[in-house]
Amino acid sequence: MRRPKEGNMRDTPHDRPAGLRRHWPLLRKLFFIAFALLVIVLLVDQARHVEWDKVLQALQAYTWPVLLRAAGLAVLSYLVYSCFDLLAIPYLGHMIPPLRVMAVGIVAYAFNLNMGSLVGSVGFRFRLYLRLGLAAGDITRIVGLSLTTNWLGYLWVAGGLFAWGVLPIPDNWSISNYALRGIGAGMVVAASAYVALCGLARKRAWSIRGHQIELPSLGIAVAQSVLGSACWLSIGLVVWSLIRHDVSYPLILGVLLLSGIAGAVTHIPGGLGVVEAVFIAMLGGQVPHYEILGTLLAYRAVYYLAPFAVAAVLYFFLEARLPKLAEEGKERVRARKRPNGKTEGNKTEGNKTFMAWIKR
């Protein structure tokens, strides 16, 4: 029997998934680019109908007490977020002063909101924590725990609000109120499952594609739920404090959370334009469009731009100080090395050193 030439051989069914996996990163990138371009086109079309003079008047109508109140709530929100990393440091068994950890968290959060998660959440954390003496593997765990805390809080708050049914879905949307309630219930179940898994699972670690994934303790999972939820609740308070019309806080919070998903899908830093489009679609029937845009512009100034300026100054201050702290951090890592060359960072030692660490 003659063997077929290689050039005439057809791809087997097993080859096709491999080819799809090989091209999937490019296809995903093209999808997000196309989606972002579609959103931009729609936003530009909507922007032509905005009464920008009235938007400016709405901005100028804000008084200093209102802006200071919103700024205070923004500070509270940033402080809550900066505590995300505090959960990870003692969990890994490292001894870094809390204020230093919180400063890194504030810088990472501000740059994350304005420049994207790859630059903020990942890039700046790696830059600063490496200078503080942490190993790359430990920093990866810190980033992972921080991201989990953020989205765990989102699941609790958004899931509860969606299941409650506080969001009036527009008639021209393809999703019904019942479907959104079902999604919300599923989000709450997912958050509950994570906490239960952290408390009940016997197997605590898995290796996925060479990365070691370890479940936190039940106490840390509960703390993640509290801090993550508090962060999202405080962001909603900032927007609610700036809107002048009689709109309930749960409704404002629900719309903000819905816009957060839309912004994450488009990969546009800060969801610029996407957040505004969702707010107008959801609240346009009871609040004038120019009032909504004025509120969101004030929100971006208070929660994005002003903290970004402060974080930039704080970053340069940390960079100036870190050369002195770098050698101290390296000494800590060398002192904590095991005979086999691996750094100690297990949960047991982290729990033993937690009280000593928090008092520094």
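Glycine residues also receive a Cβ, built from the backbone N, Cα and C atoms like all the rest.
Curation does not apply to TrEMBL; its annotations are automatic.
Marked as transmembrane segment by TrEMBL: 26-44 (among others).
Under the heading transmembrane segment, TrEMBL lists 64-89 (among others). Beyond the ends of the transmembrane segment (64-89), by six or more residues, the same chain brings 96, 98, 101-106, 109-110, 125, 141-142, 145-146, 149-150, 216, 220, 223-224, 227-228, 230-231, 234-235, 237-238, 241-242, 298-299, 302-303, 306-307, 357 to within a C-beta distance below 8 angstroms of the stretch.
According to TrEMBL, the feature transmembrane segment maps to 101-122 (among others).
Taken from TrEMBL, the feature transmembrane segment applies to 142-166 (among others). With a cut-off of 8 Å between Cβ atoms, the residues of this chain six or more beyond the transmembrane segment (142-166) that come close are 81, 84-85, 87-89, 91-92, 105, 121-122, 125-126, 129, 134, 177, 180-181, 183-188, 190-191, 194, 213, 216, 220-221, 224-225, 227-233, 248, 250-251, 253-254, 257-258, 260-261.
If you look up TrEMBL, you'll see 178-197 (among others) marked as transmembrane segment. Tertiary proximity for the transmembrane segment (178-197) is limited to same-chain residues at least six positions away from its ends with a CB under 8 Å from its CB atoms, namely 148, 152, 155-156, 158-165, 167, 169, 215, 218, 221-222, 225.
As annotated by TrEMBL, transmembrane segment applies to 217-243 (among others).
Annotation source TrEMBL lists transmembrane segment at 255-281 (among others).
Counting same-chain residues at least six beyond the ends of the transmembrane segment (301-318), those with a Cβ under 8 angstroms from any Cβ of the stretch are 67, 70-71, 74, 77-78, 103-104, 106-107, 109-111, 113-114, 124, 128, 235, 238, 242, 270. What TrEMBL records for 301-318 (among others) is transmembrane segment.
Same-chain residues lying 6+ beyond the ends of the transmembrane segment (101-122) with a Cβ under 8 Å from its Cβ atoms: 78-79, 81-86, 89, 128-129, 132, 143, 146-147, 267, 269-270, 303-305, 307-308, 310-312, 314-315, 318.
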